[in-house]
Amino acid sequence: MYVSLFAYAISVMLVMLPDSYNSWLLYVCVCVSCMSLYVFLHQLYIWVRKQICENLICLDIVSLCSIIITVTQPDSSTLTNASITPTNAAKVKAKDSVTQPDSSTLTNASITPTNATEGTTEVPCQYRLIVNGYEKNSLLVNINGSKSQNYTIRIKDKKSEKKIPVSIVSDTTTIDILFEWLKPCTNYSVNIDNCNVLGENHFNLNVLKSVNHSAEPKGDEQVCFKDSKWNLTKCVNITTEDSCVQKPIQINLETCNYTMNVHMPPVKPEITFSESIPTKFVWSNKPLSSDNVTSQCKDTFKVKCTDDTEYDLDKDVFLKPSEEYTCTGKYKYYNTSIDSKSKQVNIHCEWINETVFSVTSNSIVILWNLSPGDKCKGITWEKYSGICKTSHGNTQYQNCIKINDTTAECDFSGLKSYTDYTCTLSAEVNKSIGVFPIYTRDFNQRTNSSNPSFEDHDNVKVKETSHNSFNVNCKNLKPDEWNGPKGIYIAKLLSNRPPVTKENPKSCSFTFENLYYHTEYTIEIIAINGNKNESSAKATHSTRYNDKALIGFLVFLILVTSLALLFVLYKLFLLKRKRTAEDEEILLTQPLRRVEPIYAGGLVEAYKNKIADEGRLFMDEFQSIPRIFSNYTIKEAKKSENQYKNRYVDILPYDYNRVTLSTGGEDNYINASFIEGYREPKKYIAAQGPKDETVVDFWRMVWEQKSSIIVMVTRCEEGNKTKCAQYWPSLDRETEIFEDFVVKIRSEEHCPDYVIRHLILNNKREKGSEREVTHIQFISWPDHGVPGDPSLLLKLRRRVNSFKNFFSGPVVVHCSAGVGRTGTYMSIDAMIESLEAEGRVDIYGFVAKLRRQRCLMVQVEAQYILIHTALIEYNQFGETEVSLSEFHSVLNTLRQKNGSDPSLLEKEFQKLPKFKKWRTMNTGSSEDNKKKNRDSAVIPYDFNRVIFRLDIEGNQTSDPEDEEEYSSDEEEESNQYINASFIDGYWCNKSLIAAQGPLPSTAEEFLLMLYQQQTKTLVMLTDCQEDGKDYCFQYWGDEKKTYGDMEIEVKKTETFPTYVRRHLEIQSLKKKEVLKVDQYQFLKWRGRELPENAQELVEMASIIRENGHYDNSKTNRNVPIVVHCNNGSSRTGIFCALWNLLDSAYTEKLVDVLQEVKNLRKLRQGMVETIEQYQFLYTALEGAFPVQNGAVKTPPAKDAAQVINETTALLTEPNSTSGADQKEAEESTAAESNEQGAKESSTAEAPAAEGDGEKATSEGPTNGPTATVEV
């Protein structure tokens, strides 16, 4: 090897010699080099191989299972099973690392013995198979061979074969081969290529039982067992019978059955729990205990919930009540677990919660009784706590005192007076799972009021304004310093003179003037909150001497100078007026105020704020709107040829939006203006009431503008003054011709508050064309002031809207001047649309917008206030009218109930105001008159009680046309008291009298009242005695009876199934006239809250109406019907309501139960007080107008407007101005009229505006309606 390496080196050096050498020498060197390299490499291979074979015994790998193959010399005749030493054999072990037989390989090694020699003669190969025990799963194979070569051992069964290559380098070799892939109960054969077998070449592994195995569940219904030695798997079903038992399972193999003794798992566990605290988890489908049940099914089951806590079975578990848990049972099985179905656990305690409050001005004590109920008896309260806080974040914490197991007392002290607190109480429980709040409850509570925080206000400051006058100021209290509802400040001046007292509801500021000179005063400022708690502070001040006595001469000089100055100013005024007589009128306007829109929910509060302090905010707000916008010209209206067309010289339309007639030329003027509605241009036309000279122009305007509705908000004459010409034909004339226009009247419907006329308008210039025009005249606007009940205008609006259609032109609205009442109606209509669309209204902005389109719209403050009250009425009550055609369907809707919620009918009743003591009852409550009342809770109001006089004979009935609704509360001594009240009827006021049943001491007054009121019908709704109680003194008898100066006699008695009719004659001993009265006594109300059959009462009312001629006699309508029961309210209220509702149904085919009951409650206490009485009215109407053949059976139908019903109500308004207030309004009207006459001195022909009772009406706050709000 070294020689070849040296030769290779020499040849390489020769190759590298210079090119001068011959090429043949180069060729020889290359050949030598290659041969030397080959020899070297061959010798190196032999040496390396020898070294490896000599050390092969160090590579022996020991295994658990093996097959031994021994290779011997050909002359050996026997096979040895002994271990072979390194001196005579090479021992090779190879481990198969591949599980599949056909892909496994066998590593082998050969060891050449020390006595082996090369050149041995080749001998045929022979092998013998010996099974070396089943425990080790090994074989012994002897192979005899004569040369070293590679052999292939083939081991196979029926399905597969494994090839194992083996290299033999000596005559005797022992080789160990591992066979992990062998299977029990399987036949195997062993073959060696080019080798002869000696004896049998096959064997069988008859292993019958498993020693080690594992288990793994497969889904919920199977489990698979795997033998860890032979890699055999068997899956079986889990059944109830096999659950938790030990059993053998067999695997069927080729030559035998392989058995595994296994522990079966349970069927999928199911857990249950008891719905209580503490609770217990139970394995509900656990196999019953028996000899076959394994111990694993007894103590290896746990329950784990979403709080990651494990619980044992059948042991107390404390879970949090009302908290959702997801719990799963886990059964430990081999090295895995079997889960039960998840169970949702939520335990609800039936809390018994009672609280008792004790509230003072600075503390809230809450006695809290909290019991968890039967389900949660295991809960024991460990701790109570509470927290009270205000909306401003002030917080008071308190650990409550535990009184017993279920009761605690929480005392929150140091609180602020008259403050709303939200208190939260918590109860905690302490168990093994920890301390946690288990129950909380929130309360809202307000502390009581206390004295205002005014004592510390030592800053009462006095500022002298003159020698006998001074101002007193102190720091105003903040809202939270009142310690109650905001109140007022009172200042008292105390001295040796009579005390002086002043009040200020807004600020702590007072002015005292014209005091006594040189006098010391003690000033006491008292702050009184709304709950009458008060605090005071004091100061002193002395007035100075009288300085006015020293300046008498100066006063005289000033007077003379002032008179001279006034004379000069007067001359300048006359000169200025003369220069501007023919110029355009220019009026200064002040800038508009910023008045925020009012949301629906704030209408009542806004009204209260503005009406307070004698309506000063209303007055300031209204007067800030310019009466006339001077930047708009009125040239056309002021032309001389148009002057006669104006009813009032100062009510003129602006040029930019006046209605222009298409007559051509200059004769196109009419005193009318286009007015925008709510988001609708030219929705209205505001016009003055037509004069005789302008009727043709008025109808031309209606024709050209295609108007189909005319709203007239005045009478033709009011207070002996012409307000408007009658521009439509009367029923007796039927047709009127006004130049080119022919007006026909088709029908006329009279209702108490309005008249609806259906007119036909023809234009003679356009043949074959005619139009229908609906004329609605509102007749309930008083001569002075405004309607006291804003619902009348809402009713008018419903009638107008019922006639509107898509093709209608602008709605023509006029009164006398076309500004006051006209603007009021337009404002109400537009603002209701705004309320419905946006939920808010901008009354101030809309009135200002109206005046930009026509001067003086909404002319006086009372009309401005009326707009507010009408919107409040609409927002609180809605539209509750129901037409008879829809009555039954609407009533069914009202009666429907949704679970425990009240029905719409009940909600409607609950919104009715109660009007408790909203008017004075001084006369009936006086000591002299208390004995004349049957029920101290039902006393007539002073404003509408029936007044009669003992010293006046004969008929004292008021004039039916008298506009004064009720008498003044002031009365003379000769006026006598009786417990009776005037009740408004459907057609007119005071058409009903609600009276209590007469007492023996009041029988004379009762008869005198009938006599002076000239009553023709008397309705009695009780027996004289019911259930042992005296309901009415029997003031009549079989013979004539005398009570003082009054006599009564029964002339005739008629008895009917449901009532008795008595013909009475009443006479005064001082008069010859005899009063004939029909008494109707209803018999079916005895001992009941309500009549059993409502139709019997309706039938009696119908008979009274027919016998008394109340349907068609205007005179009879004005004579009051007297209705009495025991107290004059409980049953009388139902009859009066039903009487008016029937009148409304017969006349308008409409009923409004809510408005009727609301009006009755304003007139007398105790009227329709219960929901049962309220429902009775609907039931009576339902029976009075039954449905026949799908339609309501009603009296002969007239054209009537149908309105949509709504069922909400909360607020109401009192009646219009009356009595002394009306007189005061008239006086102020006259005063303002004179003032206007001084201001307007135009020489035009038309008089100053006064026709609406608008412009001339005083703008004082007392002229408007007042909303009565229940607090």
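Glycine too: its Cβ is placed from the backbone N, Cα and C atoms.
Just so you know, TrEMBL annotations are computer predictions that nobody has curated.
Residues or ranges marked as transmembrane segment by TrEMBL: 24-41 (among others).
Marked as domain 'Fibronectin type-III' by TrEMBL: 456-546.
The annotation transmembrane segment is assigned in TrEMBL to 549-570 (among others).
Per TrEMBL, domain 'Tyrosine-protein phosphatase' is recorded for 618-874 (among others).
TrEMBL lists 794-865 (among others) with the feature domain 'Tyrosine specific protein phosphatases'. Applying DSSP to the domain 'Tyrosine specific protein phosphatases' (794-865) sorts its residues as follows: 44 helix, 6 strand, 22 coil.
What TrEMBL records for C815 (among others) is active site, phosphocysteine intermediate.
What TrEMBL records for 905-1184 (among others) is domain 'Tyrosine-protein phosphatase'. Averaged across the domain 'Tyrosine-protein phosphatase' (905-1184), pLDDT for the predicted model comes to 89.
According to TrEMBL, the region 'Disordered' annotation covers 954-974 (among others).
Summarising the annotation, TrEMBL assigns compositional bias 'Acidic residues' to 959-974.
The domain 'Tyrosine specific protein phosphatases' feature in TrEMBL is assigned to 1095-1175 (among others).
Here C1125 (active site, phosphocysteine intermediate) comes close to Q996, G997, M1020, L1021, T1022, Y1031, C1032, R1131, T1132: these same-chain residues lie at least six apart in sequence, with C-beta atoms under 8 angstroms from its C-beta. As annotated by TrEMBL, active site, phosphocysteine intermediate applies to C1125 (among others).
The annotation compositional bias 'Polar residues' is assigned in TrEMBL to 1209-1220 (among others).
For 1209-1271 (among others), the entry in TrEMBL reads region 'Disordered'.
According to TrEMBL, the feature compositional bias 'Polar residues' maps to 1259-1271 (among others).
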Exercise. Can you count the other CB atoms that lie within 10 A of the CB of C815 (active site, phosphocysteine intermediate)?
Worked result: 30
Seminar exercise, completed: Residues in the domain 'Fibronectin type-III' (456-546) per DSSP class, helix first, strand next, coil last, are 3 helix, 45 strand, 43 coil
Seminar exercise, completed: DSSP says C1125 (active site, phosphocysteine intermediate), in three-state terms, is strand
Problem set entry | Counts of helix, strand and coil residues, the domain 'Tyrosine specific protein phosphatases' (1095-1175), according to DSSP | 51 helix, 7 strand, 23 coil
